[in-house]
Structures are given as structure tokens and as C-alpha cells.
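Straight from Swiss-Prot, the features:
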- 207-214, 232-236, 254-257, 320-323, 341-343: GTP binding site (BINDING)
- 214, 234: Mg(2+) binding site (BINDING)
- 201-363: domain 'Hflx-type G' (DOMAIN)
């Protein structure tokens, strides 16, 4: 086994096999793998690709390409090889033997990035569960990847020696994590019930990783969440209050970014977090319109929203980073959309107006009269409904207010009882 000198930034070789994919789609996938490697603090020193009718069952790529890979490892003094598709345990074991350095796949790379990003207890548990589900059937091929001293890409998370040999330990730990996550889910359910009782409207930012969701959240709500030009900068959900032009307030949540071929173990482990989307009243789908693959990113997110059974929730399509877009960009017109930059104040105001218009479509209009001594109802209307006009009618000694409210709320019932009858 080659003695690997740990660097602050690991030298990485990427390997991809083009099977049943168009050239452009395959090139985009390899480019995204390079971005993922950079996010994980790796430096790509070489790339090997091969077009085949099917992958080689024993080594993923053909024998000639394996030899080419071995020579490239020696030439570049690479520390790690990352394959663009999920490897079987036998393939990983054979490739370790041929290469003499650590070998991981796209799934393990993404899990590794998630492990480095998780901050909350729930996020850390979800990542660990996903990693354990991935590792369990592959222990025999993971020896070199997990034994690298000082860690490195692919070793963050549950990399103890015990996990290599003790499957029972892994299963016990998985059961323990699932029990802990169940308690978190129950807490989420109670929180959602409380939120519904308080008639709070929930918006959820969704989108491909690095589309600018955190920047939008910060700029719209004046919050201070992590903003980085990196994939998966946000992992733990963040919720802030957003004040709309009418004065109406809603809750806005940032969510983990989606990505093409998101590992199934990750989707399963993060299901409790992702299912928060299903509780939203409006999805704000953010697309980086400056990215050359924006259409594919948009389709990937729509597909995942459908898989999470959240496609029936109204959506507003936000084409972000308009200040960086090229002439190639053509917006999709099947959904309500806005083209904007998160750093343009006029665009931010236009987005707030768009959000308000979308919410009006889900609410009931009212024009009610509230007596001067019914201050508690007026206060509730100001807090829980979207008021457009408010005037004091001296002849009636009452306030005449006009606006929109959610139908199944106590305040709307009270306002309905006080609807203004025109004389």
C-alpha cells in the first residue's frame, strides 16, 4: 500500500464512465463532480473518462483505463480517486488493489460534504445515518479509505476502525439514531401544529445547491445566515420572519440544496427535514439563471419536489443572479416567475410584491367594520391578515378595513361576522 502524505488540499483524480448519456449531459456531470471535489477541499489534478455500452462489472472502467489511471496516479502523485457513479463493494475493493490509494465514489463525496456542513444535532444524526447505510454493504472495500491517518475527503463522519469490522455495531448505531430522529420528528409535528393554530403562513426556499437561497433569505429578512459560493453551504434549515409591503408577516425557511443524483441514502435520512416542504403554503423555487446548466438544475428540483409529493403546493419560480446571466438564458413560462438579482433592492421589492400577490390567491378577500371598542379584533386583523386599506368612519364610530385572510382561521370567521353591508 502506498504511503500517503497528507496535504491540506488533497490531489484528486476524477473518473467517469459515459453510459446511455448524451455528451453534453455527461460533461455537465463531470464538471459538477469537479465542483463537489473543490467544495470538499480537493484539487483536481487529472480526469479520465470512457464511453462504454455498460460499465465493467469488476472495475467500472475497462482494464486499459485502469492502467491509464495507475500511471496518472504515479505521474500526479494523487492522494485520492473519485468515481462519478456509485461503485459496488467488489468494484471498490478491486480498484483499491489496483490503485494503491484511496478510492471513493460520487455518493461518498456528497455524504462527506454533508458531514462537514452539518451543525445541528439533527443534521449530524441524519448525515451519520446516511453514511452508515452507505457503508454497511461496502465495509470490505472501504479499508484504505477509512484508514488514512489525519482524515481526508471521504473520511469525515463515522470512520472508526470498529465500523470496518463490526456490522452489529453499525446496525445498533443505526437503530439508535433512528430512535433519536423519531423524537425530533415528533417535535417537528408539534411545532407545525402550533404554527397552524397561530395561522402563520410558511414559505420555503427550494432550489439546486448554490442557487443563492441563503443570500435571498438574508437580503429579504435582514438575517445573517451562512453565505458561501460553494455547494451545500446550507445544510441545517433556517427560518426567519419576512415582512411584506402590506405589513403582513410570514415565515420563510431556507432548505438544503438539491443536486442531480442525490444519494438515495441521503434523501431517506433527510426525509424528516425535506418533508418540511410539504407543510409550506408557497414554495419559492430559486434557479441560478447564470449557470450554463440552469435548465437541468430546474428539472432536477421539480423532480425531487414531485418525489416528496409536494408538487401540489403553489410555486413561484425565482430566476436569481440576473446580473450574471448570459444571452443563452430563456425563462420557463409554465409557472409564475420573476428574473432578479438578490443584490438589487428594486428586485427584492418586486419579489416581495410577487409573493404577496401569490398569497392573495390563496386567501379570501374581506371588507369589514370593526367597532372602536373592539381593539383586540383590530389588533388580530393587523397581525394575522393582509390589510390593504384601513379608515376610521366617524359616523359609525368604527374602523372599515379591507384585505385578505386565510379562510380556515378564527380571525376570518370574526371578520365575516362583521362584513360591511353597503347601504
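Even glycines carry a Cβ here, placed using N, Cα and C.
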- Note on the structure: Cβ contacts within 10 Å for residue 214 (Mg(2+) binding site), all chains included, total 22
- Looking only at C-alpha atoms, tell me how far residue 256 (GTP binding site) is from residue 214 (Mg(2+) binding site), rounded to the nearest Å. 10
- Message: Need one number: mean pLDDT over the domain 'Hflx-type G' (201-363).
- Response: 84
- Item | Number of Cβ atoms other than its own within 10 Å, given for residue 341 (GTP binding site) | 21
- Note on the structure: Of the binding-site residues listed (210, 213, 256), the greatest number of other CB atoms within 10 A surrounds the CB of 213
